[in-house]
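I have placed the structure first, in the form of structure tokens, so that the comments after it can refer back to it.
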């Protein structure tokens, strides 16, 4: 028995089995020296030894977001209503749910030309990321500041940033849904496939290192992968490819169509319970714009026509109070009439100038507030054009010179004082050297009248006397 199987003093001998016994050259000293010099041991069987846990790698020098990006596919920039825009996360207190979306764009070579890829937007909590030193609301063309209701922008959390060597990106989920013209990268990405291929010992080691290194992190939301926006985007792409192969057009969402019954039902609602949209505009539901106490003074011509379907409405709605604020912030008074009780309200809304949407609000107010004063005056409906006071009558008489019947077209002509400018100019008496120089309208008129004699009768009632 070789000496390597003897137990050392105070140390129990490990039970190790080998498929093949090494030859005489494979001595303990050579194996020890070879391992010290970094050489690979000759015995390749390592099943008996426990694998060493992998040490977590240090964070990279750049700042990496906890969340996967939103990819912009449309022309509209990223915008969120007030109180929305922070990704849904676990382990983050609502006080710290505020941050910014950073716009990035890469380029690549295609056909010898530089092509820009779709812009990508990454979310960072306030105080983290590339612009971690900026105060909330600081203006930057590549940044959109967002914050949830109840968040305190003056308090910063300890979420930090992500180490991509230890953690995969979290797919973005928004309470209000992904904005139109964007899709969220997420499930089925490199991070998940990599983590599923790791063995249990490495996963447990990495999990322990996460808990000790990152502290309070957003965590992974427990959601069904089939409900992710990324899967919905893939389904949409597959449907589009299928339609291209079959030659059929993909089914598109029909615009909202309001039937007469729906419009009538909307009209039966109380005015403050109606909703104006493209099929039922502002004027139909709330009346004309004007200076009266019961007349609205907000909305330009486009906003009045489209109502809530106007692309600016979402930003304008951020200025409007919710139900609770309306009831408890307004100064209310009543006025009793025979058929109804009128509830009057008066109040004010504060729009902070340091809000990132302040400039957009002021622009919307400038375009829509009292815009009715610049509306063109309404033109009265025009009556149908009166028929021209001309009449034609065709008679047959015998031409004395030829002895044959000749068609005569009698044209009743207006008096010169009653003729319009166009009618007066139409009677051009200019003598042209060449007939082709005459205007085409007159040449066509002459051609039509070439088969009949033209007789002008001043008094239609005395046609017989004038012809004789």
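Note that Cβ sites are derived from N, Cα and C of the backbone, with glycine treated the same way.
Residues or ranges marked as RNA binding site in Swiss-Prot (evidence: similarity to another entry): 106, 120, 162. In this structure, residue 120 (RNA binding site) is part of a beta strand by DSSP.
Taken from Swiss-Prot, the feature compositional bias 'Basic and acidic residues' covers 18-33 (among others).
Residues or ranges marked as compositional bias 'Low complexity' by Swiss-Prot: 190-223.
Annotation source Swiss-Prot lists compositional bias 'Basic and acidic residues' at 379-390 (among others).
What Swiss-Prot lists as compositional bias 'Acidic residues' is 419-436.
Per Swiss-Prot, domain 'CoV N NTD' is recorded for 62-186.
Residues annotated as phosphoserine in Swiss-Prot: 165. There are 12 other Cβ atoms within 10 Å of the Cβ belonging to residue 165 (phosphoserine).
Annotated phosphothreonine per Swiss-Prot: 451, in sequence order.
The region 'Dimerization' feature in Swiss-Prot is assigned to 270-373.
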Among 106, 120, the most crowded of the binding-site residues [Cβ within 10 Å]: 120
For residue 162 (RNA binding site), the number of other Cβ atoms found within 10 Å of its own Cβ: 23
Residue 120 (RNA binding site) versus residue 165 (phosphoserine) - Cα distance in angstrom: 21
Span of the RNA site, taken as the largest CA to CA distance across 106, 120, 162 (Å, rounded to a whole number): 21
